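Here is what TrEMBL says about this protein:
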- B:124-157: repeat 'TPR' (REPEAT)
- B:323-403: region 'Disordered' (REGION)
- B:344-359: compositional bias 'Polar residues' (COMPBIAS)
- B:368-389: compositional bias 'Polar residues' (COMPBIAS)
- B:551-584: repeat 'TPR' (REPEAT)
- B:585-618: repeat 'TPR' (REPEAT)
- B:619-652: repeat 'TPR' (REPEAT)
- B:653-686: repeat 'TPR' (REPEAT)
- B:721-754: repeat 'TPR' (REPEAT)
- B:777-821: region 'Disordered' (REGION)
Amino acid sequence: MSIKISGTQTTDIFKDEKSGKLREVGNQAAWSLSSCKPGFGVEQLRDDGHDTYWQSDGPQPHLANIQFRRKTTIYDICFYANYKADESYTPNKISIRAGNHFNDLIEIEQLEMTEPVGWMSIPLKDSYDQPIRTFMIQVAILSNHQNGRDTHVRRIKIRSPTQSFNLSTTGLQNFTSKELQMYSVVR
Amino acid sequence: MTVDPNITEMIHQEPVQAAIWDALNHYAYPDAAFLAERLFAEAPNHDTLYLLATCYFRAGRPIQAHLLLQKHDSPSHDCKYLLAKCCIEIDKLCEAESVLVGDVFTKYNSSLDEVEVEYGNMACHVFSLLASVYSKTDRIEKAVECYKRSLRLNPLLWKSFERLCQLGEKVDPCQIFQNTLPVADTPLPSFSIGVADTISPISTTHSPGLKLLNVQSPMPSINVIPADSINLTPDNQNVPIISQIPTAPKVTRIKKNNREPPTGLSKAMSRKTLFNIQSPLSPSFGVMPFDSSSPRIHNMPFLTPSPVALSETQLKDVEAPYKKPVTRRQNQNLVPKPPVFNFCGNSKSQDIGNQQSGLPNVRRSSRLFGNSSSVKENNKSQGNKTRLTSPKAINRKSKSRTIKSQQELNEINKEDYTADNKSYINDAPSQTQMIIHMQHQSMAGVLTLLQALGKGYQALSDYNSKKAIDLFSKLPEHQYNTGWVLSQIAKSFYYMANYHKAKRLFQEVRRLEPYYLESMDLYSTTLWHLQLEVELSTLAKDLTELDKTSPQAWCATGNCFSLQQEHDLAIKFFQRALQVDPNCSYAYTLLGHEYVTTEEFDKAMACFRNAVRVDIRLYTAWYGIGLIYHKQEKYNLAELHFRKALSINPESSVLMCHVAVVQHAQKKSEPALKTLEKAISIDPKNALCKFHRASILFAVDKDQEALKELEELKQLVPKESLVYFLIGKVHRKLGNTHLSLINFSWATDLDPQGANNSIKEAIDKRYSTDADDDDVIFGGNEGSFDPVGNLDELGEGPSQSDDNGPVFDQDLQAVESDESL
């Protein structure tokens, strides 16, 4: 089962982040790439600019590995791609794999993009439809538009749901009213 | 007569020194530094070294001062003190300590008594410094000892008292802020800081007091008590000041008429004294009789009168007369020459040459208030309008009052002045007595005020908030309406979790004193609690404009972003606050809380531990550690830390609430309920306690009581979805299907996303267990899921009910049933 995305993306993927339900956990992970051109590496992939990108420099498939220190619940992974700027460098088919380490990865999602412009969010769910829990995620760029050899990836975000465990027993609930929220924390 | 080259030297030196002190007093630091450098090159002795170091230090360059003093390694007390101060500024605590008392590790280590004797009048400040070193290096008992000694020597050092309270030491303000002199006739002890050098330059700028205060008439009274030897150390002998009196009227007259004071005269006098004092000295080029000179210089002030009458006064330390705010009610006889209290921080105890004229210096401008004469009658009542010259007072005075009282004072002064002037010369002995008397009175007034403040502050550090508020509200109005006092009261309200009142008081502080920075970080947290985004961002902006190098500004900014859920940015700003001030324990706490929110528990733990390292009595940090353990489900550790926090702040209902929750999680429900009852009794407005009580009652199967509690809670907090959710659960357990469904649907209404997804699950479960009991009429608002087929037509989800949320004031059930259709 693969997800097909095409054209300009208009959904606002940051809505949940702003409302506090999702949180970017990329900075809790170690990032590595299969290959990159000097000056176009992890820094540029992970910075906040849409104009900086990772440019690969080796054979396909190009891999971006995300390794966490602890088993992390992942809600989704987001890409920013811009066909208009990258043309043949824009990824076309992406495979997302998860597992414990390099020799333990299985593909959980496949994504096919056609001339994408903007942010795309791919939820990662396991067979019970829950966000996956994993130590490592690998993003594999299988092919590019117009059969390009190298790829440009502008931004990748990886997000985790906040407070995924059931808190009602522990009493640290999220209150909706201001009065109770006021009393719930000592700060 | 050939002039002794030494004397020539001194002649050269003195005007330059005078000029340097003048520059320092007028904040012309580059000028002062340059001159001091030239002077030091000309005559490298302790005093010039000290002068140069002072120039650097005051110009805000402690590292330079430190290197300079280290290089020249002078054993004079002033230099040692300044070196220690520089070391503390640049965080070299070990060196500071070794300078003051000798190395910790060596055998020779002065005891505190030796230190006291060695530094004489400066000892109070030395102890204060030492205590700060000890408290930072975890030697709390020694720190406490040093603070107590410093207060004993000088009860007006408020910060020592403050630090004592913060260290958790129980001290009695009445004991501390006490005038230790038994006899009313003895002049008050003075402080070892001579104003020599401030005085001499000031003589040339006559009546600087005028300029400082924007008052028309000068303070003639000031000059009457020039160079008072006001020794607070009981040890010091009483220095007769009669010798001064003859000179006083001259200068007074001069001041009054705004004429050029006889600076020539004063200077000559000073020179005479210099000759007398310093002739044994020979600070000629290249020859430095270091050891002989300095002790004498310092010991001189405390000995009995030296040869020249004036020299004595010059050696004595000066205090600006303590002015009394005079109202018409008061006894005007006492008004004429109110003593002005002054601590001029120049440690040159010689060459107090032109003290008579020179009392007003810039530092005194805010301190020219005095004791009301009604002190005699009722010392501690509100009528005692004492104004205080402790450093914090500078912040607190509202200018209008200052000027008004000065003018009042001056009116009366003017009237009495001419009358008294004549009597001066004739009336020398009684003059002395009157002066002494007034000094005592003003001291008594200050001390009374300090006692009142001390009691209040101590109650606050004990987190005994109600008492603190009471004590502070007993203060006279003009003291009450100052930034410091109001923010202490606001802090008391904050600790009681009464954020609304705290916010109002903080607002008042901002209005009265927009430059007041001290407790503004707590204000920002208050606004954070109340979720007032606009005010918080305004505050953050104002504070950063006010002072970018203050941790409070960055704490406020961090809080602002935290409220906007931008936790990464908040973390960045809290880290900035820590960069600016690595000893700000509150910034550590706030940073820790942010890490907890982003679930980086190890970093959070490190932050809270750092906060506790800096300030062991910061209960919010202990709470933070407890919170982390709570989230990690280590309930016994959590309870331990919550209890620790509670032991510091026993009246916090929020903390008790947490303790109760944790107890319940450890299956100790009975104690949990007891704790909650206590919490509710302390703070009946804390709805959260009631909520937790209800949930615990529900958990232990006391459903009816739980329901009762929840009904009350519904009235208190109508918009809380979890309340309805809990009621729904209770009803479900009791088997009241309709009611439970109603409540679940209300809960979903209030919280459509179900931030606690458990609401949906609970409803799910409910449907899966009682499939037959579906009541279609009430099922309409259940949301997007559809476990039972026949809900399809009605199930449009919560979206439709969002627009017209249930009206909670009226009969809810009737409304709800209408809406569902």
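Keep in mind that glycine also has a Cβ here, set from the backbone N, Cα and C atoms.
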DSSP-assigned states of the repeat 'TPR' (B:551-584) in counts, ordered helix, strand, coil: 27 helix, 0 strand, 7 coil
Surrounding residues of the repeat 'TPR' (B:585-618) on its own chain - C-beta under 8 Å, 6+ positions past either end: 166-168, 461, 521-522, 525, 551, 554-555, 558-559, 562, 567-568, 570-571, 574-575, 577-578, 624-625, 627-628, 631-632, 648
Helix-strand-coil residue split for the repeat 'TPR' (B:619-652), DSSP-based: 27 helix, 0 strand, 7 coil
Spatial neighbours of the repeat 'TPR' (B:551-584) far in sequence, C-beta under 8 Å, 6+ residues away: 136, 517-521, 523-525, 527-528, 531, 533, 536-537, 539-540, 543-544, 590-591, 593-595, 597-598, 614
Helix-strand-coil residue split for the repeat 'TPR' (B:585-618), DSSP-based: 27 helix, 0 strand, 7 coil
Tally of DSSP helical, extended and coil residues in the repeat 'TPR' (B:721-754): 28 helix, 0 strand, 6 coil
Confidence summary (mean pLDDT) of the repeat 'TPR' (B:585-618): 92
